[in-house]
Amino acid sequence: MKTSSFESASSSGGSGGGGGGGGGEGSGSFNLRNLSKLILPPLGVPAGGHAQSGHAGPNDRRVISPLDSRYRCWDTFMVVLVAYSAWVYPFEVAFMNASPKGGLEVADIVVDLFFAVDIVLTFFVAYIDSRTQLLVRDRRRIATRYLSTFFIMDVASTIPFQGLAYIVTGEVRESPAFSLLGILRLWRLRKVKQFFTRLEKDIRFNYFWIRCARLIAVTLFLVHCAGCLYYLIADRYPHREKTWIGAVIPDFQEASLWIRYTSSVYWSITTMTTVGYGDMHAQNTVEMIFNIFYMLFNLGLTAYLIGNMTNLVVEGTRRTMEFRNSIRAASNFVGRNHLPPRLKQQILAYMCLKFRAESLNQQQLMDQLPKSICKGICEYLFLPVVKDVYLFKGVSREVLLLMVTKMKPEYIPPKEDVIVQNEAPDDVYIVVSGEVEVIYSDGEAEERVVATLGTRGVFGEVSALSDRPQSFTLRTRTLCQLLRLRQAALKEAMQSKPEDSVVIIKNFLKHQIEMHDMKVEDLLGEDAAGEYDHGNIPCNLLTVAATGNSSFLEDLLKVGMDPDVGDSKGRTALHIAASKGYEDCVLVLLKQACNVNIKDAQGNTALWNAIAARHHKIFNILYHFARVSSPHHAAGDLLCLAARRGDLDTLRELLKHGLAVDSEDRDGATALRVALAEGHADVARLLVLNGASVDRAASHNEQQAAAAVSVDELRELMKTRELAHPVTIVVDSPSPAAAAVIREVGSSGDSRNGRRQSARSDGAHWPRVSIYRGHPFVRNRSSEAGKLINLPGTMEEFRIIIEEKLKVDARKTLIMNDEGAEIDSIDVIRDNDKLFIVTEEHMTAVASMDSVSGS
């Protein structure tokens, strides 16, 4: 704990306390005893700099700090002497005619000598300026202040006037004047008041008992003074038998001192407490007048005592009264709204628990303390529990401290739902004490307890780490103390140290595998969990990719896990995500530069898995990256693989995506050539019908083709296929998230392992269109084939391509869609559009056809 600021503050008040004592604060120690001695420096002023007022001189060392421990002892001793002096003065005046004898006389002289020493000592005691709250140590200012305030009264209360009279006259005189001058001794009672005020602020003592002691001392002193004064009236009255005490004790002056004093105090107490037994009462007018004023004074004193005691008692029961009022209000609320008994019990149980927990003042206290102290408290209270939780085993102390400082302790009553099934909680809970039931319900059957969490159990981590709703209801079985940690705080702590984040995630995955009493589907989902048994679930990206949980997958990749790790079958996370249609997971993996060309044990790439499972959007995204990394062989590799396997369905899907049917693979073979070599006649026919070049393939496969389908048959098939056969493209436009990933990855250049290469400058999807020569209304009568091209970025580039492909003057042509609408902007053309290039001849032909049909 940092105590430098406290030490400097206390040392400013205690250092330099030589002469009268410089211990205590000057030692630089800090404890509860020194806490009440702190002097706060002004705002913006260093504690050791200007916390003192005045200029230090050569005599500054003899100035005593009022906060010095030795001076405090002296001051306490003076309080004892003041109490003695205040008690003995009324007694001597009333019962000894102000002329003490024997031991009392000697004691009075000794006490007066001590008070004289205190007067001299006060000239060397620094003081705290009431305006600036600074310690003034300048002796000149100290002397000036004392002489102008308390000096005269202190001297007057110390002078032995009767002794001076004896020295001057040589006679011992008993005069009322000496008794009146003796009243000045009561001036010293201010020290007692200051003493009790200081004790009330000292946290080492109980405020209630200090306050009670103060009230009792005030009451007893007033009883003593009133009794002495009442006896003095009776003793000085000329007709002593007509006094309050003379009526009871006729010759009271001859009675012992103890009987007389006891009788006086007895009368004073019975009168003050308004009991008034009547055995001792006023017998003359003077006593009656005194009683009148005494009883009026008692009214005020009684009100003062009752008010103080009431405040002390009520303050102690205030919380209980507020609690009872809140319970009454809650009961009325339940009754008005006809809530069921179960809810009523939960409400009342929560309020009772809250009342009991408030006595600890945990959070309220923590909010008042500085961060360093809070950290120490949390470390002492929570760290021993948190470090043993399975989720945080092996995590560094630094990250653990970061988390425990953000944990909030809570008390939850029994039978309270902390997390409801299918809810996505925002917090992670750690069980410190009590038991929590894990309950499953399918909505129709009764609830079933599948597990019980005890001390150091944790729940809510599934939602925090995998962003999945909680598959179970977590309900307290007994009174539970829980530590609540916000998900945001957990993720912030994990991001602060990536290696600890890996440890937490591995602990989480390992624990989920070992939980035989829980369903694996809670983590993987029903489909993914079916692929693994409970004892053989890989704790890596493959498991998370199978869940489709892109957020958790991204967390794993950010902490450094390899995106290209494979299972026993060679499948990577991209293979699994692509085959299951998890587009978000695919995008996350692509952002982390995974290799799209990795093949599994069966020779399948993620691109093949996507098209085989008919996930066209994912195929479109992956094909973009495959074509970037292998621009000349991406299409050929896929078509040849489908042809080699004789997979007609997949081949049709590939052709629907507009892949060039004569594309070559890495070995220079086309799909038709592979189909002929493998003897897949149906595949060969499909390829020919979709525009494959027979002559190009036949030159390499004359012998193989004879076994399956003849080249002549294929050439004959070419004649029967539809001329200008258009390709029907089913590629959807990329989603905004996919387009963002394409732009991000495409603009980042080379990545790790050299797998990612630059894409198009605009980073967008490659739209392709079919262009035909002729008017769309008469296109079916044309015998000229169309062309499938990549759409350029501008209309000027588009017209240049038209001139090259269709051999027409593009400046004198119109571009129309299949509905006959003219297109004059490249921005309105979409992927898979069919465009028609219309010349003047085509327009004339259409006009002539309209005139003939009209006639």
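Note that Cβ sites are derived from N, Cα and C of the backbone, with glycine treated the same way.
Quantities reported herein were computed from a predicted structural model and do not represent experimental measurements.
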Can you check whether Swiss-Prot puts ARG145 on the same side of the membrane as TRP244? no
If Swiss-Prot is the reference, give me the range from 263-282, 363-382, 783-802 marked as intramembrane segment. 263-282
In Swiss-Prot, which of the ranges 180-200, 621-641 has the transmembrane segment annotation? 180-200
Should GLN487 (nucleoside 3',5'-cyclic phosphate binding site) be counted as helix, strand, or coil on the basis of DSSP? helix
Which same-chain residues, if any, lie at least 6 apart from LEU391 (nucleoside 3',5'-cyclic phosphate binding site) yet have Cβ under 8 Å of it: VAL458, GLU461, ILE504, ASN507, PHE508, HIS511
Helix, strand and coil counts within the repeat 'ANK 4' (634-663) (DSSP): 21 helix, 0 strand, 9 coil
Apart from its near flanks, which chain residues at least 6 from the ends of the transmembrane segment (106-126) lie with a Cβ under 8 angstroms of it? 19-20, 62-66, 71, 74, 78, 81, 84-85, 88, 100, 135-137, 139, 142-143, 146, 150-151, 154-155, 157-158, 160, 163, 188
For the topological domain 'Cytoplasmic' (201-214), would you mind checking the mean pLDDT of the predicted model? 85
Are there residues at least 6 beyond the ends of the repeat 'ANK 1' (536-565) whose Cβ is under 8 Å from a Cβ of it, and what are they? 465-468, 491, 494-495, 498-499, 501-502, 505-506, 509-510, 512-513, 520, 523-525, 527-528, 571-574, 576-577, 580, 582, 584-585, 587-589, 592-595, 598
Which three-state DSSP class does GLU423 (nucleoside 3',5'-cyclic phosphate binding site) fall into? coil
If you count the other Cβ atoms within 10 Å of each Cβ, which of the binding-site residues ILE439, VAL503 comes out on top? VAL503
